[in-house]
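To keep things clear, I will list the structure first and then write my remarks on it.
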């Protein structure tokens, strides 16, 4: 019968995995915490702005924007989780109970998983709409709600599994280095699952990229093609390129490090880069808001109205400021009897 160590301290498991627990604040600890808190604060503010803009502007009440709002919510949650980590790291780690340690890790796993799965859902939605030459998906509100529920159910499941059994409290030899209370098999499973999602996203966006490039070539051969159509295609190609580049740069290093730790690589110094690859993954929560929102003209205009609300309220031009501009009017197209926004997302 295996012996379990439920009554041991966090320090016991860190010593077992030979992961250092500092008793005082070192310069690198202060640097990581300072950077982490700064990034978390910006992530929180930026994604709150995205959610507020989508809620405030009725032109954004379409499936793709609901998914963008959910992505912002996931990234907002990631910011909260990372901020919680920053307040419970360094010398404070040794003072944590096993329950608090699992909460700290589960928050991170749940938020990051929700962000990744939501990115995949957006990729699939964009793939369907681009290939059918639609601006917005015809997905019903019920299906969108169901999809959002599925995203969070999956994230919660993967985030809470270690707390409810997939840990190493009863099998010290299987403990990982980066997360000394987690089983290496869980890290392997989590890393492989995310890497598979990455591959699917690369394939989906790669197909979008190729399709749009071919479409642009055909449009260019027709001299009567509307310039706005061409500009929209170019904008979409740029957006896809930024999305893929940012995603690969921010996420791949962390997943590779997790996989190496899960596979028990003895010659890999995963602890030396652990905090930095996690910070890099968190930065993607900021990039998501910029790429998916700030490249949309109507979204930028909504941001300005929200941020300048006190100015507009006191301005004699406030009534006209809320009216759509001529450029915005030109960006509206009829779609099944409804007005939609011309977006390069």
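In case you wondered, yes, glycine gets a Cβ from its N, Cα and C as well.
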| request: Would you please say which range out of 144-166, 305-327 has the annotation transmembrane segment in TrEMBL? | output: 144-166
| query | In the same chain, which residue numbers or ranges, 6 or more beyond the ends of the transmembrane segment (64-87), come under 8 angstroms Cβ to Cβ? | reply | 33, 36-37, 39-41, 43-44, 47-48, 50-51, 54-55, 104, 107-108, 110-112, 114-115, 118-119, 121-122, 125-126, 129, 136-137, 144, 147-148, 151, 155, 278, 282, 285-286, 288-289, 292-293, 343, 345
| said: When you look at the transmembrane segment (276-294) alongside the transmembrane segment (30-52), do they share 3+ Cβ pairs under 8 Å, ignoring any pair fewer than 6 residues apart in sequence? | reply: yes
| query | Do we see three or more Cβ pairs under 8 Å linking the transmembrane segment (186-212) and the transmembrane segment (144-166), pairs being at least 6 apart in sequence? | reply | yes
